[in-house]
Amino acid sequence: MTAAEDVRPVAGPGHRLGAAFAPAKINLALHVIGRRADGYHLLDSLVAFAGIGDTIEAIANPSTTEPRLTITGPFAAGLEAGPGNLVLRAALAHATAGGRIDGFDLRLTKSLPVASGIGGGSADAAATLRLLTEIAPLPATAADTLRTQAERLGADVPMCLISTPLRATGIGEVIEPLPGFPPLPMVLVNPGVAVSTPAVFRGLARADNPPLPALPPVFSDAEAVAEWLKTTRNDLENPAIAALPLIAASLAEMAATNGCRLARMSGSGATIFGLFATWTEAERAAAALSNAHPAWWVVATTTAGS
Ligand SMILES: C[C@@](CO)(OP(=O)(O)O)[C@H](O)COP(=O)(O)OP(=O)(O)OC[C@H]1O[C@@H](n2ccc(N)nc2=O)[C@H](O)[C@@H]1O
Ligand SMILES: Nc1ncnc2c1ncn2[C@@H]1O[C@H](COP(=O)(O)OP(=O)(O)O)[C@@H](O)[C@H]1O
């Protein structure tokens, strides 16, 4: 595919009213500790947000009563820009809550692989809610808060509204921010195959696993985080590997890179991450993995600290 084919046309030129960043969500640990009667699973997860993500922009278009969405960027292909897109679903939620959605279009730059365990869609929804609240604030009388809109859009959307290191419980909506959390040099790898989140949850051998062990009051650095994470798991890793054995191969390759302190899958996969003590080590590992697998998506990044 050429760079030109990667990029979809962007609707008419216009003034940019605002933009919001939608960082990738990384489940550093993900324990599945129960199952609700409605089929949703109870989680205990430590989450951080990467330096890489999608971008949502609002572009002035005085003649429109409802935003049209255009999608550009390396993962634009295959993602529909219709009403099912979480960006437009978030815009509709804003309108339903009493916010204005006339006079602008929306542009999504899709830099994250789709359906890949790093919450790209959820991050887009959260970023859209943040952007619209900024450019078209909800009336003081609005029944819905940003938070309730986020919950309705998906279990991961409330945590993406916060986008700082946190522990999530419930189905992902009960959030405890973690102050003093260090930034983490990291490599992300996705082998280019989408994984279905509901199918991975269905493949769990058991849903009543133990919760996260006690968190220390503070982590001194990335190395301390990696050591603690070794006492934790991603319970979705086994069912995801059963569906896509390539995940196990990518984990083994990541673990074998110089300086990799921990290799694990994020969310329901197939994206995996490797933790490193330094940015230089992460960059070198990313270069080695990228050379060995030119078709894989490989990115060195640092998660935001708090
Ligand atoms: C697994 C996680 C971990 O952070 O991440 P991803 O793999 O999506 O990145 C999330 O729980 C995904 O959250 P999200 O993608 O927002 O889920 P939703 O759209 O609300 O639900 C999609 C489907 O996943 C399953 N689901 C989701 C969340 C949850 N706590 N229990 C579940 O069983 C349900 O089958 C549900 O129908
Ligand atoms: N803006 C969007 N970006 C990504 N996926 C989206 C978007 N809108 C709707 N979706 C749909 O949401 C599903 C999950 O997407 P995503 O949140 O990226 O998954 P994951 O959390 O597993 O990375 C995909 O099947 C995709 O078709």
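If you go along the chain as it appears here, the first residue is 1 and each next one adds 1.
Glycine is no exception: its Cβ is also placed from the backbone N, Cα and C atoms.
Per TrEMBL, the features are:
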- Lys25: active site (ACT_SITE)
- Asp156: active site (ACT_SITE)
- Pro113, Val114, Ala115, Ser116, Gly117, Ile118, Gly119, Gly120, Gly121, Ser122, Ala123: ATP binding site (BINDING)
- 85-161: domain 'GHMP kinase N-terminal' (DOMAIN)
- 221-292: domain 'GHMP kinase C-terminal' (DOMAIN)
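Features as recorded by TrEMBL, highlighted on the structure.
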residue : record           : DSSP (3 states)
Lys25   : active site      : strand
Pro113  : ATP binding site : coil
Gly119  : ATP binding site : coil
Asp156  : active site      : coil
Residue pair Gly121 (ATP binding site), Asp156 (active site) - Cα distance, angstrom, rounded: 9
Confidence summary for the domain 'GHMP kinase N-terminal' (85-161), mean pLDDT rounded: 95
Annotated recorded positions Pro113, Gly117, Gly119, Ala123, Asp156, filtered by Cβ under 6 Å to ligand 1: Gly117, Gly119, Asp156
CB contacts for Ala115 (ATP binding site) [other CB atoms within 10 A, all chains]: 19
Helix, strand and coil totals (DSSP H, G, I; E, B; other) for the domain 'GHMP kinase C-terminal' (221-292): 39 helix, 9 strand, 24 coil
Separation of alpha carbons, Asp156 (active site) and Ala115 (ATP binding site) (Å): 13
Binding-site residues whose CB lies under 6 angstroms from ligand 2, from Pro113, Ala115, Gly119, Ala123: Ala115, Gly119
Lys25 (active site) CB neighbourhood, other CB atoms within 10 A: 29
Lys25 (active site) versus Gly119 (ATP binding site) - Cα distance in angstrom: 6
Other C-beta atoms that fall within 10 angstroms of the C-beta of Gly119 (ATP binding site): 30
Cα-Cα distance linking Lys25 (active site) and Gly117 (ATP binding site), given in Å to the nearest integer: 8
Residue among the binding-site residues Pro113, Gly117, Gly121 whose Cβ has the most other Cβ atoms within 10 Å: Gly117
